[in-house]
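Novice: To start, I am sharing the structure in question, which I have written as structure tokens.
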Amino acid sequence: MMLIIGLGNPGKEYEHTRHNIGFIALENIAKQYETSFSVKKKFHCEIAESTNNGQKLIFVKPTTYMNLSGKSVIAVKTYYNIPLEKIFVIHDDIDLELGKIKFKTGGGNGGHNGLKSIDGIIENNYHRIRIGVGRPQNSQDVADYVLNNFSKTEYVIAEQAIDKITDNFNLILENKLEEFKSKMV
């Protein structure tokens, strides 16, 4: 069993924001496994389930807003009894250039409030797929920056990163994590 979480904020107003690239990527991956999301209030999320070669896949989009993502993650993790090494979190990262992807296990939260929330509840030794959204230009506030929509040009670059993750996601399912990591460069 594997738990794949995309971080973002619920609601139409956040749908195409930089902070929601985790939701966007997760939806793209889930589509590949012919599943759709439904609201599960007891888990504080939208959830989709599928199987691949006998392995159950659970896709989660927390509905708690970014800063409380851990509440949803712990609810699903506990219910399904999923170990940390089978948890993958997809999220935006302002410390990476737009469209760059990094895969890592464990580590700090880099100031990301969604990761802070998760780390505060389940430890931090889970896998992360970090998608670069870049830093704000000039003196723009970081919160305003990540809560703004991508420009059309930026969205094309973000979609290319999402496609790269989706096209290689089977490597994660096959437990070829180093190979997945090398393909993200």
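Along the chain as shown, residues are numbered 1 onward.
Using N, Cα and C of the backbone, Cβ positions are placed for all residues, glycine too.
Found this in Swiss-Prot, in case it helps:
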type	residues	note
SITE	N9	site 'Discriminates between blocked and unblocked aminoacyl-tRNA'
BINDING	Y14, Y65, N67, N113	tRNA binding site
ACT_SITE	H19	active site, proton acceptor
SITE	D92	site 'Stabilizes the basic form of H active site to accept a proton'
Novice: Between the residue listed as 'active site, proton acceptor' and N113 (tRNA binding site), find the distance joining the two CA atoms and give it rounded to the nearest Å.
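Specialist: Cα-Cα distance, the residue listed as 'active site, proton acceptor' to N113 (tRNA binding site): 11 Å.
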Novice: Identify, in sequence order, the residues in the chain of Y14 (tRNA binding site) that are 6 or more apart from it along the sequence and have a CB within less than 8 Å of its CB; answer 'none' if there are none.
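Specialist: Expected: G8, N20, L147.
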Novice: Starting from the Cβ centroid of Y14, Y65, N67, N113, which together make up the recorded tRNA site, report each further residue of the same chain whose Cβ lies within 8 Å of that point, ordered by sequence.
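Specialist: Going along the sequence, the neighbours come out as N9, H19, T64, M66, L68, S69, G114.
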Novice: Neighbour count, 10 Å Cβ-Cβ cut-off, for N9 (site 'Discriminates between blocked and unblocked aminoacyl-tRNA'): what number do you get?
Specialist: 23
Novice: Could you list the residues of the same chain, at least six apart in sequence, whose Cβ is under 8 A from the Cβ of N113 (tRNA binding site)?
Specialist: M66, N67
Novice: Between the Cα atoms of N9 (site 'Discriminates between blocked and unblocked aminoacyl-tRNA') and Y65 (tRNA binding site), find the distance and write it as a whole number of Å.
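Specialist: On Cα coordinates alone, these residues lie 5 Å apart.
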Novice: If you count Cβ atoms within 10 Å of each one, which of the recorded positions H19, Y65, N67 comes out on top?
Specialist: H19
